[in-house]
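Going by TrEMBL, these are the annotated features:
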- A:144-187: region 'Disordered' (REGION)
- A:173-185: compositional bias 'Pro residues' (COMPBIAS)
- A:198-355: domain 'Helicase ATP-binding' (DOMAIN)
- A:Cys437, A:Cys440, A:Cys477, A:Cys480: Zn(2+) 1 binding site (BINDING)
- A:Cys446, A:Cys449, A:Cys464, A:Cys467: Zn(2+) 2 binding site (BINDING)
Amino acid sequence: MAFDDPTPPQIGHGVAVLVELPKHAGLNGVLSYRTTQPLAAGQLLRVPLGRRVVCGIAWGDDASGGAPQQGLGAAPTASDMAAPVLRDVAEALDALPPLDAAWRDLVTFAAAYYQRSTGELALSVLPADLRELDGPALQRRLRRLDKRLGRTPPSAPKKRRGKAVPEDEVTPDPVPPPDIEPPALPDLSDEQQAVLDALAACGAEPVLLHGVTGSGKTEVYLRRVAAALEAGRQALLLVPEINLTPQLEARIRARFPGRVTVAMHSGLGPAERLQNWLAAHLGWADIVLGTRMAVFASMPRLGLIVVDEEHDPSYKQQEGARYSARDLAVWRARHQGVAVILGSATPSLETWHNALPVPEGNGRYRRLAMPTRIGAGVLPQVRLIDLTRLKEQFGAKQLRDQPFAPPLLAALRERLDRGEQSLVLLNRRGYAPVLHCTACGWKSDCPHCSAWRVFHKLDRTLRCHHCGHAERVPRACPSCGDPDIQPVGRGTERLEEQLAAALPGARIGRIDADTTRAKGSLEAQLAQVHDGDIDVLVGTQMVAKGHDFRRITLVASLQADAALFSSDFRAPERLFALLMQAGGRAGRDAAQAARSELWIQTWHPQHPLYAALTAHDYPTFAAGQLLERQQAGLPPFAHLALLRCEARTQEAAVAFLAELARRAAELQTQQPAWAAILVYPPVPPSVQRVANVERAQMLVESPSRPALQRFLAAWLPSFQDEARQPGTRVLRWAVDVDPLAI
DNA sequence: AGCACGCCGACT
DNA sequence: GTCGGCGTGCTC
């Protein structure tokens, strides 16, 4: 510290400790404590904080030489001179090895990149139970884990509790190779073999594995996992959704008997979550399979990261620290010098751009392609139905009452007659998105949000999908009393009803967020489909992901067009991925592949997206999109950050962001390197009010990622307490770096 | 973020 | 007379 005030000499020495404090506490979550024994960086601790004792992480020696660290920019005051004495570390959880340097670097980077405090981020990615345990409780959990994994015979004394070792010399013992008969391996296609040869040769360079649905990407992953395990390393596999982990987990366990595989996702209970985390951290787990949170798993022997379906938006955390697990996976792999495979049939444009060679792309990743479906399966034939012609032919009313083109209906009937299954996609749940009074024009708006309440016919409710507000459907218009209130538009419930009317005798099923609310009900309903109890399945996009429906030979998408003209610049990319993925559901049985079809009803059949889809030509689609992005100054050619603000009034939210913008302009005049950064005026988001909270947002765009990073780091911290000043009626504000949607 | 302290309304 | 609303303020 700059003042040479005589701090009273202290026994022991200071240690910097990470605690769970948010950034607006002004301390980046680092506090100083006193300790009598040296503590390795990464060591888990219990430390007193206010009236509580909380979990902390030793973060190196105290840089300030024992004096408490002050908040950023805090002026020296009399209380500085008083130099409060540091409090003692309550306990070191030394039954656990410290979190290693690679892990600490990862959370340090992630916190800085996504503009959160290091303490908040580091602690929030540890299992909740771990943050609450003291030494004895931890010992009990460790014994339970020992028993579960059969690591030690019950009678044998443990010999793992070493004295604190200098942490970077900690090298956990690889698990002895399993002495269990390995299962027979499936034969590899030439394509798979070629990709595996290339992967074996390309070391730690990030790889995009661009493989169509059914080309056998998973087998490639498993071979690389096997290679990592044989080298004594751990493998980390990321998947987008919890739904997809049980299938893959079973396949991995069968493939690697004797190896330890653990799952990490939000569906696990707190106890199991801790056990699995401990198993990974101690190096006992060989394979970690999880959703985005698993990118932060502590893995001392990490040797491979796989990000399956890397384009999937679920990899972006949408609250708190808004990190991209895919991007962090690439950073982590690069930082640790391990291989990372990003797999997708429809890569994100960012990844695709990184994988294209210069000059089309930037050549940062190696691109490996698997364009062929295994077992001679061909991709489904794409059929476009021109709704404009249909309307001319049949009239608007007919179209509304029975929303299937006659040829599509005939195709559905044909499947029915042959005992095959069909999947109809509609990305809107409920019966109708809005109710409308024909007499006075009233619509079913939500009293708390700027959105319509959706009509759910089955439980006779009007429900707001934003705030959850639900009411019984009124018999008459609440505004004028007229009994003639009509559903407008169509959701999955209505589609189910219309299909039942159009296909008498067909067994119609529906899967969406409403039918799968109960735990395990998705699995049960999928099983029904697999067992052939359903002829036509209606669903939202949740059914398009990852599930194999071997007997489905027709997939239809009824209302895809919205994405073509959406203000969300990623909408076309998502639509293309969804339709490719949905089409991939069909015809995975070679015998049926020949007659499997993907039907799309559209008002714009000439749109280039559909042309590329018809040709199953992702590269052409991507090239077109990249050109548009470049012309519009959008990612991956520009880098974005989105500032969001919530307040009681729209004026307050906008005023707060405007003040931020004013300070940004000041900063930009001081620093020429930031002149190219654009700070757009604050605007309301598409849904401006949710649960009576007004929201505003402001876009920041920069041609250079490092410049954006430095700019945000200089700009935002000066605002940490702006929102708390009296008169600023701001509830919350936050920045979203690399937002998915603007 | 927690979790305090701190001043003003309807209950045992 | 207390329980409890959430408005400021601090945490080494």
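Each residue, glycine too, has its Cβ placed from N, Cα and C.
Annotated features taken from TrEMBL, shown on the structure.
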residue	record	Cβ within 10 Å
A:Cys437	Zn(2+) 1 binding site	21
A:Cys440	Zn(2+) 1 binding site	12
A:Cys446	Zn(2+) 2 binding site	23
A:Cys449	Zn(2+) 2 binding site	21
A:Cys464	Zn(2+) 2 binding site	21
A:Cys467	Zn(2+) 2 binding site	18
A:Cys477	Zn(2+) 1 binding site	21
A:Cys480	Zn(2+) 1 binding site	12
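For A:Cys467 (Zn(2+) 2 binding site) paired with A:Cys437 (Zn(2+) 1 binding site), the C-alpha to C-alpha distance reads 23 Å. Cβ atoms within 8 Å of the centroid of the Cβ atoms of A:Cys437, A:Cys440, A:Cys477, A:Cys480 (the Zn(2+) 1 site) belong to the same-chain residues A:Thr438, A:Ala439, A:Gly441, A:Trp442, A:Ala476, A:Pro478, A:Ser479, A:Gly481, A:Asp482, A:Ile485, site residues excluded. Neighbours of the Zn(2+) 2 site: apart from A:Cys446, A:Cys449, A:Cys464, A:Cys467, residues of the same chain with C-beta atoms within 8 angstroms of the site's C-beta centroid are A:Pro447, A:His448, A:Ala451, A:Arg453, A:His465, A:His466, A:Gly468, A:His469, A:Val690, A:Ala691. Mean predicted confidence for the domain 'Helicase ATP-binding' (A:198-355): the pLDDT average there is 96. For the pair A:Cys446 (Zn(2+) 2 binding site) and A:Cys440 (Zn(2+) 1 binding site), the C-alpha distance works out to 17 angstrom.
Cα-Cα distance from A:Cys477 (Zn(2+) 1 binding site) to A:Cys464 (Zn(2+) 2 binding site): 18 Å (rounded to the nearest whole number).
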